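Note sheet for the following structure.
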Amino acid sequence: MLQDAPASLPCPPNMKFLRDLRSVLNLTVLVAGLGYFVDLFDITLFGVVRVASLKDIGITDPAEILEKGLLIYNCQMIGMMVGGLVWGILADRRGRLSVMFGSILLYSFANIGNAFAWDATSYAVFRFLGGLGLAGELGAAITLVAESLPKDKRGLGTTVVATLGMLGIVAAALIGQRLHWKTAYLTGGVMGLALLFARFKISESELFAKKTDPSRANPLLLLQGGRFLKYVCCILIGVPIYFTTGILFTFAPELTAGLNVQGTVTAGNAILYGSFGLTLGDLLSGLFSQWLKSRRRAVALNLVLGFGLMLVYGLASGLTSTTIYLLSFLIGITVGYWAVLVTMAAEQFGTNIRATVATTVPNFVRGSATLAASGFAVLKGQMPVANAALLVGSICFGLALLALTRIEETFHRDLDYEEGSQPE
């Protein structure tokens, strides 16, 4: 007599996770991730080669190196804010892929041009153009990936994109310290142009492609209803990330000079160890949000831990350079919620303005580093450098935590809708 077939056994959680991970490792995700790798390589490179490159073009006074470095950094960030708006509108009107092609061309040629900068002004112009191009990469990539995957797996897809991207920071820290600064900039430009050819093999988002009226892609919708507050909150949540990379890591030598640190602290090493932490943190925060099934709770934990470690960094005296690098690594882990942030921002809004949001939010976050750096520059003349950084950082983390309480959880949200077709 035949027995009934046994019921299929449930898939162990770890096997289900591996199966889900394999299912998102498609060409679209990998190419988007490699594009973000080149993007972050180019963004990070200036912080690594700042001192060597400025000395090579004739700026040798330490105070002037800091002053010109802040100017050039701010020009790059301003370029990214302008570019974020331009590329975001284009992505919602012309498509996600068109932006991924155009942005990579601009920032690749800008980086090649940077290798031939002859003074601080030309350096700043090329960094502005580079920032303008770099602005379109992440938002278009995250939007394309989020719209191409089912809602229970899109967090994994965007985590893969961000983790690959964060490796670009590691590569910049390694290459920038080992190659001549001109060669390092040329390397970034060539990598971008090489990646351009891989993009011919990926397809446009189906959610975007089925839209019939491009005129509905109106960025002014962000100013209506409760959308603007939600949009500003998304930006504020990300501000601590670029405070950390733009001030704590980039200006680590100046910050630690008054803390009686034993040994020499270099910006290149601070960025290197911090970027290792950012890479691991992006992976962990993405997986943690999948496990919690909540973007907000994952980010909240990161912010609380990051604030605590920042206080240790700025208040502890007599640490060794090794301890500073360890703290940079740990702080990097806590602010490595970039993928979760951009995914969360994209999920807050409809298809007709989603790319505008996903492109402008990270670039206004990056651009906020201009305000943070400017505030830091003013305050360091009024108080010890480390105290100035702590004050700016406390404001950044405080605003981020407050903003996090004002946005919705979007983990389970269906993205197939447009603004105006769904009630606020």
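Note that Cβ sites are derived from N, Cα and C of the backbone, with glycine treated the same way.
Given the structure is predicted, the values throughout are model-derived calculations rather than measurements.
Database features (TrEMBL):
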DOMAIN    28-411  domain 'Major facilitator superfamily (MFS) profile'
TRANSMEM  24-51  transmembrane segment
TRANSMEM  71-90  transmembrane segment
TRANSMEM  97-118  transmembrane segment
TRANSMEM  124-146  transmembrane segment
TRANSMEM  158-177  transmembrane segment
TRANSMEM  228-251  transmembrane segment
TRANSMEM  271-292  transmembrane segment
TRANSMEM  299-316  transmembrane segment
TRANSMEM  322-345  transmembrane segment
TRANSMEM  385-404  transmembrane segment
Count, for each of 71-90, 124-146, 158-177, 299-316, 385-404, the Cβ pairs lying under 8 Å from the transmembrane segment (271-292), and report the range with the highest count. 158-177
Any idea what the model's mean pLDDT is for the domain 'Major facilitator superfamily (MFS) profile' (28-411)? 85
Quick tally over 124-146, 158-177, 385-404 of CB pairs under 8 Å to the transmembrane segment (299-316) gives the top stretch as 385-404
Spatial neighbours of the transmembrane segment (24-51) far in sequence, C-beta under 8 Å, 6+ residues away: 65, 69, 72-73, 76, 100, 104, 107-108, 111, 127, 130, 134, 137-138, 141-142, 144-145, 148-149, 153, 156-157, 160-169, 171-173, 175-177, 181, 184-185, 188, 191-192, 195, 198-199, 201-203, 245-246, 249-250, 267-268, 271, 275, 366
Grab the same-chain neighbours of the transmembrane segment (97-118) for me: Cβ-Cβ under 8 Å, and only residues 6 or more beyond its ends, written as numbers and ranges. 32, 35, 38-39, 42, 45, 53, 57, 83, 87, 90-91, 126-127, 129-137, 139-141, 144, 181-183, 185-186, 188-193, 195-196, 199, 202-204, 355, 359
Should anything in the same chain at least six residues away from the transmembrane segment (158-177) have a Cβ under 8 Å from its Cβ atoms, list it; otherwise answer none. 21, 24-25, 29-30, 32-34, 36-42, 44-45, 48-49, 138, 141-142, 145-146, 184, 187-188, 268-269, 271-272, 274-276, 278-279, 282-283, 286-287, 290, 336, 338-340, 342-343
Quickly jot the same-chain residues contacting the transmembrane segment (385-404) by Cβ under 8 Å, restricted to those at least six beyond its ends, or write none. 232-240, 243-244, 247-248, 251, 254-259, 296, 299-300, 303-304, 306-307, 310-311, 314-315, 372, 375-376, 379
